[in-house]
Protein chains: 2
Amino acid sequence: MEFSHCIGILPGFPALQEEAMSALFKREKVKQLIRQRVPIVAWLPSYDRTDFICDLIAGVTVGLTVIPQALAYSTLAGLEPQYGLYSAFMGCFMYIIFGGCKDITIGPTALMSLMTYDQVKGKNKDFAVLLCFLTGCVQMLFGILNLGVLLDFISVPVSIGFTSATSVIIIVSQLKGLLGLKFSSNSFLDNVTQVFKNLPNTRFGDTFLGFSCILALLLLRKIKDLPIKEPADGRSSVRKVLKRALWLISVSRNILVVIACSIIAVCFEATGNQPPFQLIGTVQSGLPSLSLPPFSTTLNNQTLSFTDMVSELGSSIILVPVIAILGNVAIAKTFATGDSVDATQEMIGLGMSNLAACLTSAYPVDGSFSRSAVNHASGVRTPMGGLYTGVLVLLALSWLTPYFYFIPKATLAAVIICAVIFMIEYEVVTPMWRSSRKDLVPTFTTFAVCLAWGVEYGILAGVGVNIVMLLYPSARPTIQVQRAMTKSGRSYLMITPSNSLYFPAVDFIRTTVGKAGSQEGRSAVVVDCKFVLGADFTAAKGIAALIDDFKRRSQPIYFYNLRPGVIEVFKGASLEEFIHFGDEDELDEYITKEYVLIQSSKSGGGDEELVPLSTFQGDQERGCTG
Amino acid sequence: MEFSHCIGILPGFPALQEEAMSALFKREKVKQLIRQRVPIVAWLPSYDRTDFICDLIAGVTVGLTVIPQALAYSTLAGLEPQYGLYSAFMGCFMYIIFGGCKDITIGPTALMSLMTYDQVKGKNKDFAVLLCFLTGCVQMLFGILNLGVLLDFISVPVSIGFTSATSVIIIVSQLKGLLGLKFSSNSFLDNVTQVFKNLPNTRFGDTFLGFSCILALLLLRKIKDLPIKEPADGRSSVRKVLKRALWLISVSRNILVVIACSIIAVCFEATGNQPPFQLIGTVQSGLPSLSLPPFSTTLNNQTLSFTDMVSELGSSIILVPVIAILGNVAIAKTFATGDSVDATQEMIGLGMSNLAACLTSAYPVDGSFSRSAVNHASGVRTPMGGLYTGVLVLLALSWLTPYFYFIPKATLAAVIICAVIFMIEYEVVTPMWRSSRKDLVPTFTTFAVCLAWGVEYGILAGVGVNIVMLLYPSARPTIQVQRAMTKSGRSYLMITPSNSLYFPAVDFIRTTVGKAGSQEGRSAVVVDCKFVLGADFTAAKGIAALIDDFKRRSQPIYFYNLRPGVIEVFKGASLEEFIHFGDEDELDEYITKEYVLIQSSKSGGGDEELVPLSTFQGDQERGCTG
């Protein structure tokens, strides 16, 4: 009872089958496809009151986190504060319908904000909104064409280098707000220099408030882990409530700190004093208008067309959506305990979220790791939680914007810093060193290039280095050379390449096998192809040349353990003369025969004494028994 | 008597060993290095009179071929005719000293001319000479750093597509001269359009002369194959002389046709008539001055610095030397019957040739396939043949330039067309289709992009497509899933990935193994790692996640045939808990034990009836005998 099958790739949208298929079966197929690609259809019918309550609690908790983060991230993205809020609801709504993972909550993230900033600086917000639209398009395309395979080329070391670098960049970018400095900069290194140059202008008020906020946020982050003993008596419910309250305070720390600082600012204003720290100022009130993304814009009194804008955005049109998908899939994997993650569905969910978000002047959105963790910990049961988060953001936009005026800049800087500071993964270096130290090369390449030239170049450089490391073994495979002996006692050379025969390795294998063979005089060479899983035309040509080389010096060469597919490739390239076999007895037979031939031709040319075949048969027997 | 060793890369310049090594041994080592890297040291001491005569004949024959080709190719490169001759001697001289292959003759080639044209058009000859210098530098660097591995990434399909496309481009570029048209164009497609547009302006004289020349060249190419019967009597020596004469005429066909056409032009001029075809006109007389390559130039009244020029040259600084090395190594392999070709030495030889050639205002030089074939067929015995070729070119520059005035343009166009027409390799499509039809994709990609955008982009696109094809199996390896049975009759799932565990495959393997495992309920899964030759940090993380997935659903997972290197990578990444073994008995034992455990825990939870171990031992015995 042995069966064997190969598992290929499951296409995102399987092509519909032959017409012969019954209409019923077809309808069933379509239904199944809809259930797979529009997950709400699958879970909504069984949505009940418990689901509603759990989702409501989780959604509101996430909403309380997203509001201060959205305000902070939009300044990180180089946009006015309201754009963060504009980006924080449509994605949530679309993900209810198309989302594949209940815990993920879509909205502005630190990473997307940083990548948007690179496209917005020195330009205007139209580029951010268009980037959101294009991100959605590319993500949908990736989903439909099942291009998730591209994500696999971003390895763990590269992604560690990338997230660590972005965290460092983000933290440094927030020093300005934290210290109350005023300057403009256009890169990480410029930022570092500017901070140092402007250190004498540090404002005490901002610095004090900023560091106090950081301290408060870090402490609040910890209080949920306070050990609250369960007492033996029945009053444990009080303790339970206390534990729950501490958890809620910890999770809502961002909004609590923002509210507290805003109240301080209000107090100063109420007493007629200028607060000793900078405030974010007026946040435009009201909901954003629903409109198509801007397909042209005016910049420095010049009208830029769609193609001009696209060429300005450059490689970020691919990199922003890819990084967003990568992040989203990573979050899904973290929370999908045991279940497999459907990457295609994540691409579609994220693509639809961005396409919807760009209609309300959003910049690119993504699943937020920190908020998804809050969502998960708050006990969310379906993606419907996003509804309550989104509604809360809409309410804030409608009624709370006048109060946002009083939020201090240093507080928002502290919120961002505390959100990303734990993303610097320095502690992974030790296991990487122990496990596979050459993997540190892509990590540090990515990290260094991200800091020196920008995050897009960093990830490209890391992936490039990684691919070179991946390609090297296919160009210079290990080749094992062993002297072996047949049962009949004939020695021969067994050469085993450790890789498939594709073009980069062909010349190397030809040279190595040729050199090893020529050092052995005229004894037979057997190429063991057990690791050769495939071959191409270049390989066929190279093997033909190798066989010619051996023929020219009358040395026999055989191929052992060739797979049928490889034989076909060789034969197709007019390589008819190669001798191959798959079992050891045949190998023995060939080598013994060849040895007899060589011996007899030698004797024939020399002293006319033919070596009788039986001698070797005798030898062979001795070899068997000895 | 079995030994095994791995053959690594032989570095171009092996680092000198420890100080402990005796001075004598050191000197021997240096001597050996010099013999290897300055091959003339090895062969000159034994140079004799026969060598001299053979080299002289071959050298002069090649000289007679290179003169008309040099004039033709320099027009192809967009330079004045004398630059072809300037490029035709220094390379020959340097290759005598550093060349590794006796048959190769260095000088201007169609391919280098075409690639130079792309850098010279709309600019001036300084770019060509600087490109020659940089080509030499890059080739030396490649030789010293042993970067020959990069060449391996240009596969046979890509190089077929590339040479075929360049031949087509070159032929089309010559139609202008052949038909006597006058226009300027800047790309292949533009050229095609212009030829069609200008067809009404075709000049009869040029067209007639051009096609006559092509006909003559093709016929003369064939006459050396005329069957000349060896008669029975002793007068065979006459026949032999005839055969030799025909061969010489065939080989010198270019110069013969050029001389014949020039005589016709002279006759017209002598009778006071304008010839009915265009002549190449004045060729600057005399030897070029010896000077450093131009490190700055004036273009459109603007002075361009070295960096400006380098950025104008762009990617050709890498591609021109790489293509030249590729061509040279290919020629060396064709003529190095049986011997292995030292690619590093070819890079050094070619690099030194270009570095010397740029001192005499040459444009990039390379080994010429057609002239090397003439050299080989003329019986050259050492690289010294290049001396006589070079001297002949110098003589031509000194005394023959006035006569070059009369060479018709159409004749030179015919010379070029006949030199490249046989490089269009349409006949290789059938074996490629039979052998490995997906290899046609890089061929046609290269061909199409070369024609549409230019040869540099073509080769980059081809290599890119090829690398993607190479990477695909490492991202989506075949995974064999087999239901297997232990000797004791316990069924389990044997999963065999067909590739090493590197980052692009990790997620796919995790998902596939997880899916296959979960379909099998709780029966054990064994991952057979016999094809897993290596692993990286991403793989270790992925396997850890896979083990977690299995642990969560209490399904046992084992690893079989793991190599020590892979185990180390896994253990380094804090993956301590995985169970692996290397022999079948152990596998049987584990699966049987696990089965007992599952059964007993099941029974323990259910009806408290422990299944005695002996039953399974009995089972096991039955499995062995049945």
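Glycine is treated like the rest: Cβ placed from N, Cα and C.
What TrEMBL says about a protein is an automatic prediction, not a curated fact.
Annotated features, as they stand in TrEMBL:
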- B:52-71: transmembrane segment (TRANSMEM)
- B:83-106: transmembrane segment (TRANSMEM)
- B:127-147: transmembrane segment (TRANSMEM)
- B:153-172: transmembrane segment (TRANSMEM)
- B:245-266: transmembrane segment (TRANSMEM)
- B:313-335: transmembrane segment (TRANSMEM)
- B:347-365: transmembrane segment (TRANSMEM)
- B:385-405: transmembrane segment (TRANSMEM)
- B:412-433: transmembrane segment (TRANSMEM)
- B:445-472: transmembrane segment (TRANSMEM)
- B:482-579: domain 'STAS' (DOMAIN)
Worksheet item: Taking contact to mean three or more C-beta pairs under 8 angstroms, with sequence separation of 6 or more, is the transmembrane segment (B:153-172) in contact with the transmembrane segment (B:445-472)?
Response: yes
Worksheet entry | Number of helical, extended and coil residues in the domain 'STAS' (B:482-579), per DSSP | 42 helix, 22 strand, 34 coil
Worksheet entry | Of B:52-71, B:83-106, B:127-147, whichever stretch has the most CB pairs under 8 A to the transmembrane segment (B:245-266) | B:52-71
Response to the item:
Relative to the transmembrane segment (B:412-433), the stretch among B:52-71, B:83-106, B:127-147, B:313-335, B:347-365 with the most Cβ pairs under 8 Å is B:52-71
Practice prompt. Find the average pLDDT over the domain 'STAS' (B:482-579) in the predicted model and report it.
Written response: 84
Worksheet item: Hey, which of B:52-71, B:83-106, B:313-335, B:347-365 has the most Cβ-Cβ pairs under 8 Å against the transmembrane segment (B:127-147)?
Response: B:347-365
Discussion item. Pairs of Cβ atoms less than 8 Å apart decide it: which stretch in B:52-71, B:347-365, B:385-405 has the most with the transmembrane segment (B:83-106)?
Written reply: B:347-365
